[in-house]
Each structure stands twice: as C-alpha cells, then as structure tokens.
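Enquirer: Sharing a structure here in structure tokens format.
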Amino acid sequence: MRYLVDTHTHTIVSGHAYTTFLENVQEASNIGLKVLGTTDHGPSMPGGPNLFYFNNFKVMPRKLKGVTLLHGCEANIIDFKGMLDIPDFTQKKLDVIIASLHDVCIRPGSMEENTEALINVMENPYVDILGHIGNPSFPINEEVVVKKAKEKNVLIEINNGSFVSRKGSEETCKKVANLCKKHKVNIIVGSDSHVCFQIGRFPKADNMLKEIGMPEELIINNEENKILEYLKNKGKLKDLNLD
C-alpha cells in the first residue's frame, strides 16, 4: 500500500533525534509524501523542548516543497487521570496531538491504571491520536480502549517503530489492529521517525496490516485528504483550504 502521510516524526528538538525540520521536510518531499506531521516530544521527556517551542508554530509555513505541514506534539500522558504535559493554552494552538505513554514520564501501572489513563486522555477534545498503544510496558485492555476511541473519534496509531524499539509490541499491535478492524475504528500508521531516513516508511506495520486484511477505508494515511478532513472536522487547520 502507498502511504501519503506521516504524522509521527521527530526533529533534533526532541533531544534524542538526529535530523532537523528542514531535513525531514526535504526527505518527505523526496519520497512523495503529501502531508508531514512534526510531533516532537512534550516537555516532560528528558531533553525535550520547552513550551515556547510549541507556542511559536505561528512562524512556520503551512506548505513547503510540495508537502502540507502539520505542527503538533507527541504529548506525554503524565498521570492516570489522562493529564498531558502541555497546557490547554498550548494544546488549542496545535494542528495535531498524539497522546502517548512513556516510562520515563509516567511509571507503568497495572492494566486497569494504564487503560484508565488512555480512556481519560480521550476525553480531551484536542487529542487526535493515541500513540503506540501496543507497547508491552503498558499493558491495557485493548478492546475497551478501541471501543472508546470509536466513541470519541480518536485515531489509533499503528507505530512502525514499535516493532523494532519496543520488544514484544508486534503481538499487541496485531491484536489492536484486529480489534480496530472488528469495530471499524480508524487507524493511522506512524513511523515514529527519529531520523529523516525513517520518514514515511512503515514496512513492518504495513506487512502486519496486509496479513490481517485491514480494510483500506479504515487507514487514514493512504490518502492525502483523509487526515486533513479529519482535523478540519475537529475545528483545526482553519487556515488550510482543501482543493
């Protein structure tokens, strides 16, 4: 399958990534991506950016080198109540927010606690995507989370990076994907790139989705406008006109 969108990418601003914003945009353009999301880690990530970085996206272009740019954040869930490490004032300015659990920002809890964190964060209207929920460090009740995502119109990410960096993720990712297929929940495939050469490349996630027969209509990033329409329907991207 050809993917035209990558919403989960990091720059050197995240502290442990290796390429700049412009290098990422150039690579996205080179490989034919139509939409690129820059979603650096929230400020509670060691080495991550401060809030001024996220509050200053107004200086950034909307399009560059033929690529539509989404300026967002992979925000850290910092408690089981679903609080994020960026305030509402910042959240409402962003084009896209991925909410993720990272063990350097919150201790892994019980299955019930981890599930509660994800259920609660989906009550936040600014959250668009749940990041890498197949991480075995944070066991969850996958079906409860997937059903809640459908109710709240939140996208479930299938994170290609998890297949390599989070050992044991493949089985859980497949379970999550099958549940999304069963309940007709939209998914988005993300590279979680920390260097530009990973952008737009989802081989392991794509192979798994082919294996389970994931319907293409449930995959948001196989067309340019699906993600843009999704975000505009949530009241975002007011400055962007869709052709």
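Backbone N, Cα and C atoms are what each Cβ position is placed from, and that goes for glycine too.
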Enquirer: What does Swiss-Prot list, out of Glu74, Glu142, Glu143, as binding the same Zn(2+) 1 as His8, His10, Asp192?
Expert: Glu74
Enquirer: For the Zn(2+) 2 site that Swiss-Prot assigns to His16, His194, which of the candidates His41, His183 is also assigned?
Expert: His41
Enquirer: Name the residue among the binding-site residues His10, His194 whose Cβ has the smallest number of other Cβ atoms within 10 Å.
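Expert: Minimum Cβ neighbour count within 10 Å, taken over the binding-site residues His10, His194, occurs at His194.
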Enquirer: Could you check which of these binding-site residues, His16, His41, His102, His132, His194, sit within 10 Å of His10 (Zn(2+) 1 binding site), going Cα to Cα?
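Expert: So the list reads His16, His41, His194.
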Enquirer: How many whole Å apart are the CA atoms of His16 (Zn(2+) 2 binding site) and Glu74 (Zn(2+) 1 binding site)?
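Expert: About 14 Å separates the two Cα atoms.
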